[in-house]
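Q: To start, I am sharing the structure in question, which I have written as structure tokens.
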Amino acid sequence: MLRALMLSVFAASAVTVTIPVMAQGKVSPAMPSSKTTQAIIPLPVNSTVSAGRFELNSKTKIYASDARSQINANLLSQMISANTGLVMPVQVGSPSPLEKNAIVFASVVNGKDDINQLRDPQDEAYLLKVTPNRIVLSGNSTGQFYAMQSLVQLFPMQKQASIKIASTEILDQPRFAWRGLHLDVGRHMYSVEFIKKLLDQMAIYKMNTFHWHLTEDQGWRIEIKQYPKLTSVGGFRKETIKDRHFQPYIGDGQAYGGFYTQEQIKDVVAYAQSKHIMVVPEIELPGHSLAALAAYPELACTRGPFEVGTIWGVIDDIYCPSEQTFQFLENVLSEVAALFPGPYIHIGGDEAPKTRWKASPLAQEVMKREGLKNEEELQSYFIRRVEKFINSKGKRLIGWDEILEGGLAPNATVMSWRGEEGGIHAAKEGHDVVMTPTSWCYFDAGQGPKDQELWQLGGEIPIEKVYSYNPVPAVLDAEKQKHIRGVQANVWSEYLRTSDKVEYMVFPRLLAMAEVGWSVQAQRDFKQFEQRLGSHYPRLSQQQIGYRIPRPQGLDQIQVQGDQALIRLQAPVAGSKLFVTTDGSEPSTSTKPYGAPIKLKVAKDQTVMVKVLTVLADGRQSAVQKALMKGSAVAAVATPKPVQ
């Protein structure tokens, strides 16, 4: 059922716009279809295309109804200049009612309009209307920003002196208020420039939360002025485990480290805010704290000495629940709270072994004093104390689902990663939840069969499985479902040493996750998403995103009749070339390029391995994709695993 949300447009023409906004999870009667929906990702709630076109040319004028709208209008002017070379100054005010060839940013009152305020989905609603005479982008500043992202996706990729855009009306808002991407910079860290590059893509696809995992056993990455050794000692490790050589351990012998200064942190936060993205810092506690203990061993129960971690996994040494530790954490979190204006601080809370606490007289004395039955309750006590301090700073605590163990802190939000059970339990208790279960949302997992991937770290979460995820468990009733705040993709960096590898693992799966978080569940269809996704690959290439190149179309539908096989392929990305072998050899750019369909004779018991290399227009190459033909069939073993 639709709710009517009256949005008053403050313009000289005294226009009032009525935007009917969907209630979360409900289906609008105006169902989008491939005929009426253009190739916009994420899929809008309502989108219709009608006759006529708006021509953007040298005579087009851009109007901003007020100062807040002017920021978005200036951004669009810059985008148009980059796409067409046209210079379009922004005028504050509104066009006359009869003026044509105008783009108008219409400011509206629509819920909260601060990226760092807790929001409902309706706070990000927008209306984009394209007619032959003008384009109107209506919403608050966030809504206008998202309307602009949809509009720019309608622009042609090629640089043109004028742009024709089909008459379109899009009424849209997200399904969830939290649409996130997590990046671990503790194991391996990445430049500020690369983080901004990720933020750019998040903004294009209307993702609004960047979860910045800043501390780990293997490195402390945020400058804390009161504790300089956190970065001078904790920010650097002597070496890193080589591949997966745990037993016996083999290190690479290369020192590794670095950190972000507070000025760099402020720069990233400000940049994210300009893209309407909230940054959530994560300071791990009580576990995953070895880097901090290496710098300040007095914070541990055993007092060390410690070294910054060089291997991956769960480490027994964690913060001791002493008053000295709590004072340290309060001082650290005070500086963190001042750097991040958003409402949340993530405290981790995951994978904290109780081995040291069980053997610690101090920890056992705290348990006795506080009437705690076990070490799980001691962790809950630890988290509650930290939450009380975080709340005193005007922030809310969020943590991984282990914070449920021993009892949940009163106002905590749970990030459910070990399946959905933790999120379900928290929602039933009235706590907000962000769903990020491993089986759908962990982007360090591979995207296809290991022998057909450039990087395969274990497990497979192909894009269709990401897309299939519904963050709202059916076991929750309607009232409890309201506590599902959203969904998040997680990138863990143990084996992602370079930003190129991060891009490969994140894209194009991030686009699927964007649609999971934004679009109405009942309207989502993977086949239709794939069709729209096809037009986004060239855009990603144009923006120098090193995405995973998809499997060629037709490779899994090779036709075999009798002893005749017909291999009919289509390049997965416009402008790319295919190189095919059927003799067992590896295809390369020296192989004859694929042109016409390939006809083969295949004997009844003969097996033929078809191998295909895709090369993009910019020269980037895919992993070799394979299909095995045997007799009168194409073996299923060659295809990606089905979605489960």
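Cβ atoms here come from the backbone N, Cα and C positions, even for glycine.
The model shown is predicted, which means the values in this text are computed figures rather than measured ones.
What TrEMBL records for this protein is below:
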SIGNAL    1-23  signal peptide
DOMAIN    38-173  domain 'Beta-hexosaminidase bacterial type N-terminal'
DOMAIN    176-519  domain 'Glycoside hydrolase family 20 catalytic'
ACT_SITE  Glu351  active site, proton donor
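Please situate the listed features within the shown structure.
A: As a whole-number mean, the pLDDT of the domain 'Beta-hexosaminidase bacterial type N-terminal' (38-173) in this prediction is 91.
The Cβ of Glu351 (active site, proton donor) has 15 neighbouring Cβ atoms from other residues within 10 Å, across all protein chains displayed.
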Q: Using DSSP, how many residues in the domain 'Beta-hexosaminidase bacterial type N-terminal' (38-173) fall into helix, strand and coil?
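A: Per DSSP, the residues of the domain 'Beta-hexosaminidase bacterial type N-terminal' (38-173) fall into 35 helix, 45 strand, 56 coil.
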